[in-house]
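Peer 1: Pulled from TrEMBL, these are the listed features:
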type	residues	note
TRANSMEM	37-55	transmembrane segment
DOMAIN	46-297	domain 'G-protein coupled receptors family 1 profile'
TRANSMEM	67-91	transmembrane segment
TRANSMEM	103-125	transmembrane segment
TRANSMEM	145-168	transmembrane segment
TRANSMEM	216-234	transmembrane segment
TRANSMEM	246-265	transmembrane segment
TRANSMEM	277-297	transmembrane segment
């Protein structure tokens, strides 16, 4: 029967999702939108200014600053793919999102997250070479190598995220289209399906362990080697200088991974954690790093600080 077939097909994928924001905290939506909005504006301004300074100033065309520019781009994509929709939900402008828009949002959110993780790993390696192997630094980190690292970050995140689109499209949703979240994420969409989602769960788990998970381990290794090298330095001054160059990067790493892993593990195992805590954590990792990264690097780096103050 043609109408039955049409009905069957239409019930497999919802035409659109209804995003509720922070379910249970609806009365606070307007208040929540204020810090969200301020953090987002700070993230936009901070990263755009940082990018502008690095791109226009020739002295900043060095590995460390070029990685910073990549980080700023990843931060802009990460926050811009999620926060505007969250604000439109908080202000009750539009809570609906088509199925394909939802997949697109999920794709870019996770893509920029994995790319950022890859860039942080490259930066750790950059610091390792600068401190432990300074003589080879200039020959290793050429402009073409940095461009390749940037492309590798995009290629890697694309390869990890592309299969999730098909993993979600193959699922039937039986008209379940209400999501108590401010944006679409892989497991959030998968949980609405009325079918077995163990493939999605395993894929999500494996890619988290293999992309950000491996990055953290390698970053840890490079920092252990850096610290060993620093303690071998004879003068206190040299030790402080070496620690200083790494401290801003270390801050950024902690701000980036801690909320993300908290969010991931509460999603996988925290079944008695209130739902709005899940949603708040998921929003922290797309809001905090983009807002704080430019601030940390501007505060910690004298050259950037001077240039930014000139721009402002």
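The backbone N, Cα and C atoms fix where each Cβ goes, glycine too.
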Peer 1: With the transmembrane segment (103-125) as the reference, find which of 37-55, 216-234, 246-265 contributes the most Cβ pairs under 8 Å.
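Peer 2: The stretch with the most contacts is 246-265.
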Peer 1: Counting a contact as 3 or more Cβ pairs under 8 Å, with residues at least 6 apart in sequence, do the transmembrane segment (145-168) and the transmembrane segment (216-234) touch?
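Peer 2: Since fewer than 3 Cβ pairs under 8 Å link them, the transmembrane segment (145-168) and the transmembrane segment (216-234) do not come into contact.
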Peer 1: Could you check if the transmembrane segment (67-91) is in contact with the transmembrane segment (216-234), meaning 3+ Cβ pairs under 8 Å among residue pairs at least 6 apart in sequence?
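Peer 2: Since fewer than 3 Cβ pairs under 8 Å link them, the transmembrane segment (67-91) and the transmembrane segment (216-234) do not come into contact.
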Peer 1: Summarise the model's confidence over the domain 'G-protein coupled receptors family 1 profile' (46-297) as a mean pLDDT value.
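Peer 2: A mean pLDDT of 88 is what the model gives the domain 'G-protein coupled receptors family 1 profile' (46-297).
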Peer 1: Using a Cβ cut-off of under 8 Å, list the residues of the same chain at least 6 residues beyond the transmembrane segment (216-234) that approach it.
Peer 2: 120-121, 124-125, 127-128, 131-132, 242-243, 246, 250, 253, 257
